[in-house]
Amino acid sequence: MALSKKLFKISHFALCLWVFFGTTSGQLSANFYARTCPNFRSVITRAVNSAVSSEARMGASLLRLHFHDCFVNGCDASVLLDDTANFTGEKSAGPNSNSLRGFNVIDTIKTQLESQCPGVVSCADILSAAARDSVVALRGPSWNVVFGRRDSTTASQSAANSNLPSPGASLSGLISSFSNQGFTINEMVALSGAHTIGQARCTVFRNRLYNENNINSSFATSLRPNCPSSGGDNNLSPLDASATSFDNRYYNDLINQRGLLHSDQELFNGGSTDAQVRTYSSNAATFSTDFANAMVKMANLNPLTGSSGQVRTNCRRTN
């Protein structure tokens, strides 16, 4: 009996340690909010489904927000911080200015979570969950998201300008940008498949329409009325032929020289990634699996955990 009591005390102590470290030490976990905000997932999913139902493009915008967050000093919600009189954030960086969208959806989610579980769920975790839910809402793959990220108290416009790949990037530039974040070439090709959803502004693909040769002529002709050689900078065109459905059409478009962005077509232009593009174009299941696995990896890029950072009560500003 004495031994049983002793074992019980040890087990109880171990459980307490697990609860403590699982919720406060910063170890990312699928159950991080199980005790502190058990319904947070359903709040996020409902809000994302509502936003995407109202505007399919919002799914791509929320996925892109997560990507543009994680590639700049880790997944810490730095991209959400507004500029202040004493602070210049990432929203005004070249790749983000007049381009990033979805901040209002994140605000809505945060407001709802703050009413249920004040000061508990981080903005960085909201971004990670919203990205996954957005892809699922557009009939794409799901993946396991772990939680426990905390929010940064600063941001870096210069890092956003240098770390995020440009729509005019070369293949070597793309490989370098993704390699700097720890991704393989195949993972880069898989993550580029995010361009199977969403739209792009004329200003980022105009040069391709009028000055590049590796573009399908009828495709270019069809886009020019909406993207003239001057003017219409903010006119939109879909990134692939099925831009409201998460599928592998993007890779088929590349093979047919119908990539909208220069950086897209670089993936299939006689270089080292041609074979992977062909694989994904012919095997949607392989693409879905590889994309999901790469997203798991991306969501774990240098998160702030434990006592680092904070849990912002308003995602746009520090506490």
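Quick reminder: no glycine exception, Cβ is built from N, Cα and C everywhere.
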Per TrEMBL, cysteine bonded by disulfide to Cys37 (from Cys75, Cys117, Cys123): Cys117
His195 (heme b binding site) and Cys315 (disulfide bond), Cα-Cα, nearest whole angstrom: 26
Across the domain 'Plant heme peroxidase family profile' (27-319), average pLDDT on the 0 to 100 scale: 97
Same-chain residues at least 6 apart in sequence whose Cβ lies under 8 Å from Asp240 (Ca(2+) 2 binding site): His195, Thr196, Ile197, Arg249, Tyr250, Asp253, Arg258, Leu260
10 Å Cα neighbourhood of Glu90 (Ca(2+) 1 binding site): matching recorded positions from Arg64, His68, Cys227: His68
Lowest local Cβ density among Cys75, Cys117, which the record lists as disulfide-bonded residues, within 10 Å: Cys117
Sorted by sequence, non-Asp69, Val72, Gly74, Asp76, Ser78, Glu90 residues with Cβ within 8 Å of centre, Ca(2+) 1: His68, Cys70, Phe71, Asn73, Cys75, Ala77, Val79, Ser152, Ala155, Ser156, Ala159, Ala160
